[in-house]
Amino acid sequence: MGGFLGLIAELGTSQKQLALSLLKTPHSIKTLNHLKSLHVHLLRTDLHQSSFAVGNFITHCATLGLMGYATQLFDNMFEPNSFVWNTMIRGFQQNQEPRNALLYFDRMRVQYVKPDRFTYPFIVRACTDLMDFCGGLCVHGQLFKFGVALDVFVGTSMIEFYSGFGDMKLAKDVFDELIVKDTVAWTAVISGFVNNGGDMERARELFDKMPNKDVVVWNTMISGYVKVRDVEVAKMLFDRAPVKDILMYNTILGGYARNGDMEVMLWFFNDMPKRDLVSWNTVIGGFVRCRRISEAMKHFHQMQMENVNPNEVTVVSILSACAQVGALDMGKWLHSCIDRSKLGLNVVVETALVDMYSKCGDLESAQYVFDKMLERDAVAWNAMIIGFSLNGQSRNALEFFYRMKNEAVMPNDVTILGVLCACVHAGLVDEGQKFFDSMSQELGLTPKLEHYGCMVDLLGRAGLLDKAYDLIQSMPLAPHTGVWGALLGACKIHGNVELAERAIEHLIQLDLEDGGYLAIMSNIYANAGRWNDVAKLRKWVKQKGICKLRGCSSIEIDGEIHEFGVEEKIHPRAKEIYDMIDEIYERLRLAGHVASTNEVYFDVEEEEKEKALFFHSEKMAVAFGLIATDKSTVIRVTKNLRICADCHAAIKLISQIFNREIVIRDRSLFHHFKGGSCSCGDYW
């Protein structure tokens, strides 16, 4: 017999001393069997009535999460002293049992055992955990009765209590009353001001008065300024801090990332003396949020080369990046890495995989991951429903919605948004109206602006323009650009100039900088033959210096993202791409395709329109896909704007002429082109 049990078996004349020594050794007792063996020995040596022995035994029970066992020994003591009571209360609090902590506190007083400065901090924390403000006030009153109100240990717990409830006046009053203020007390009150509304002025006032500042309070202040987006002041404090730990570096790094100051963030990252997983995740996440996907991928690969293992946060960020640009190969590679690694799958990672596959147009893989999930929350169901909706499989989206309800998963506002988008893409007006009405009538949800935008889009596309306009007029919320933009788009489809003019008036008031809406209005005028209005609008736009968002498309080839703009010649294989575009248009001409030049663009003259259409970014990406992949590969392109009518018609024919499957994801829908037809049924 060896180890702990062997020691117990060999106890001789100094049994009590050895037992007490074992009790005082932090890691000597590791299992329930160890506890039971020691318990037997305590009974044999009468140490089961020793407050010191029992108190230390309870500490081991608390560490192992066995407070029930501790209770058995405690309840058999004749006269436990305050040390044992405090140990029980602390054990319950450490094991997230605040009600039992308060129960034993009450029992302690009934037994006429006087609470002390070691009792109250855990009682105050129990009140905080139970959100029992009145209970905390009562405890505060008792502190004066028992003469511990001015103790810095107890006072700090009260500061944290009041701060947790947002009452900084009382927290500051407690702090001011303390005769002795240690670093922890100063940090507690400063943290309170930082975390309650970001009152950095009051926090800074106290910080400047604090006599001895440790690295914790420096981090607290720097983090506070980052949270209120005052990164420059945060950086100034960082430069002044006498000691800088990795947390401080990561806080500043996160501040620059959240503000989108990517160049400064990158300089700071490269200048760090040491980088941990949080540092890498911050940089990668920052690039993903700013849609600088190539750089996010680059840093992910660099991270692996430096032998830093990714965690769930890293994986979800990179999967999000893959979803944004349609990088299916990279997403599949990452999926295989997850399967091989010790990271393991959970609902968050699995949902990110479903989302990635859906947004890369690979619904088969998305559903495969979804079906294998052991746990599916509303977010997972939403990812699948929205995936079907985006890929034009509206009936499947609705089927999954009904499955979700049958499996007793409560739909939320994102679920309904996905269902409404499915109805929009399929023109299911009656179904969409039913789902919209069910939000408030059945699900207890309040429609948001996005839901109204979907309904306006649904009604408008179906030609019910007056009904769409009436819905806008009856909205309890002020319509945003998405709502008026949906109406404007519907007016373009159905040629309603008068209603379009009403919509554009509101859009100009809401967002004058977005030239895309003005481009649509110009096209509406052009399609109606109102060329004078076209000229006036173009002149006004030039005077205001308004620009339409630059269209760009991306395609992934062998794990590398290639981006294209209109008529760009910066790609290393630009000559081959332009030669392929010439070949495409010659074959399109022979197939009878006529370029659609009805729509007017601000940035080209009339005689250049047809030529400009040749070199739209999505056509450039498709041309590159044709020369850079074999014939069995699906060409997948992601575009930041809505695909134009000419590109849509041309790519349908390209899929037939070149016998290739092509998937274009624009800003609202996936278009699966195959054999001369599109999955959207020309309804987009």
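Glycine residues also receive a Cβ, built from the backbone N, Cα and C atoms like all the rest.
Automated prediction, rather than curation, is the source of TrEMBL annotations.
Now, the feature entries from TrEMBL:
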| type | residues | note |
| --- | --- | --- |
| REPEAT | 81-115 | repeat 'PPR' |
| REPEAT | 182-217 | repeat 'PPR' |
| REPEAT | 245-275 | repeat 'PPR' |
| REPEAT | 276-310 | repeat 'PPR' |
| REPEAT | 346-376 | repeat 'PPR' |
| REPEAT | 377-411 | repeat 'PPR' |
| DOMAIN | 592-684 | domain 'DYW' |
Residues of the parent chain within Cβ reach of the repeat 'PPR' (346-376), under 8 Å, 6 or more residues beyond its termini: 312, 315-316, 319-320, 322-324, 326-328, 331-332, 335, 338, 383-384, 386-388, 390-391, 393, 407, 409, 636, 663, 665, 670, 672
Three-state composition of the repeat 'PPR' (182-217), taking helix and strand from DSSP: 26 helix, 0 strand, 10 coil
Average pLDDT across the repeat 'PPR' (182-217), rounded to a whole number: 94
Per-state residue totals over the repeat 'PPR' (245-275) - DSSP helix, strand, coil: 23 helix, 0 strand, 8 coil
Helix-strand-coil residue split for the domain 'DYW' (592-684), DSSP-based: 34 helix, 16 strand, 43 coil
